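*Asks:* Just dropping this structure here.
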Amino acid sequence: MISENLGENQTEKIPLKGRTLKELSEIMITLGEKPFRAKQIYHGLYVNRYETWDQFTTFSKIFKEKLEELCSLTHLQVVKQLKSVDGTQKFTFTSESGNGKEFEAVWIPSGDGGRKTICISSQIGCTLNCKFCATAKLEFQGNLKAHEIVDQILQVEKIVGDKATNVVFMGMGEPLHNYFNVIRAASIFHDPDAFNLGAKRITISTSGVVNGIRRFIENKEPYNFAISLNHPDPKGRLQIMDIEEKFSLPELLQAAKDFTRELKRRITFEYVMIPGVNMGFENANKLVKIAKSLDCKINVIPLNTEFFGWRRPTREEIAEFIALLEPAGVPILNRRSPGKDIFGACGMLASKS
């Protein structure tokens, strides 16, 4: 486990951000240090939010010089920051190596100031081609490492001067195609000795990677889970989501049922509303049948990426569709779309300004 993300050659420093406490302990032992040093570093990184070895004032000069030589506190570079009229802020990052690969995170405060969500990315670009998502139009440039995922939170919170109450893996990329690094980062967010976010305040989303869902179930991951459904019919779903070719809707729904049965937790279906594509009575009726078959809630989201040739539904169309879903007897949320003016809303992350 220690060798994960060490770099391409032995001359590169060991990145310490994005490591669990257990991993840090193993690294310290490898470096000939006592395991308790790991807890000091862990606390310094995630509680005190130190960014340089000089800030670890309890460390001896010799120990700090050793860490400086062998280990890295690498952090992301913010190359662009945009603020919406509604208070949403979008951050475009690149890694410290300056490789030019950009990815984004979004700070989303609620209107009353109580809920503060950070939407983070798990990949640069995406491996999938969802027709309603701007990220799908980007070239896939790789998975983000755990320290690059964790540092999105650290950098955003530092800049806005506030702490997030919720974290959602709904930015660029398919989280379950980067399972190891996503779960490692989520465990750090959840750890009481690090970010101390409750498991119910961390949501991992997927477009429907069934083998990843089954791995999630097998590992009994404690986090909230959302599936980007977007169409209640296999043929219709295939037209807008290419993942349907690999993991069919029946397979996906069976995995969702297994999730609720095994983990005893409600699953969330995300549903981007596209007029003429997945709305109307017939689609609503099929979605109601799906919802009745398992313990779930439905988040409906008006289409934001109008530049794909579709239009955003009107308020009347949204209200009518939600009314058609009410017989399902499950919670239905019309999810707001903050940050549209800065291309920070759902489906719009593509390093655009």
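These residue numbers are counts, starting from 1, taken along the chain as shown.
Placed from the backbone N, Cα and C atoms, the Cβ positions cover glycine too.
Pulled these from Swiss-Prot:
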ACT_SITE  Glu104  active site, proton acceptor
DOMAIN    112-341  domain 'Radical SAM core'
DISULFID  Cys119-Cys346  disulfide bond
BINDING   Cys126, Cys130, Cys133  [4Fe-4S] cluster binding site
BINDING   Gly173, Glu174, Ser205, Ser228, Leu229, Asn230, Asn304  S-adenosyl-L-methionine binding site
ACT_SITE  Cys346  active site, S-methylcysteine intermediate
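For the listed features, I'd like the structural context: burial, neighbours, distances.
*Replies:* Just so you know, the Cβ of Glu104 (active site, proton acceptor) picks up 25 other Cβ atoms within 10 Å once every protein chain is counted.
Cys119 (disulfide bond): 29 other CB atoms within 10 A of its CB, across all protein chains.
Counting every protein chain shown, 26 other Cβ atoms lie within 10 Å of the Cβ of Glu174 (S-adenosyl-L-methionine binding site).
Cys346 (disulfide bond) has a Cβ environment of 26 other Cβ atoms inside 10 Å.
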*Asks:* Here's one to test understanding: among the binding-site residues Gly173, Ser228, Asn230, Asn304, whose C-alpha is closest in space to the C-alpha of Cys126 ([4Fe-4S] cluster binding site)?
*Replies:* Gly173
*Asks:* Would you say which of the binding-site residues Cys130, Cys133 has the most Cβ atoms within 10 Å of its own Cβ?
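*Replies:* It comes out as Cys133.
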*Asks:* Taking Cα atoms as reference points, which of the recorded positions Glu104, Cys133, Asn230 is nearest to Cys119 (disulfide bond)?
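*Replies:* Minimum Cα distance from Cys119 (disulfide bond) across Glu104, Cys133, Asn230 lands on Glu104.
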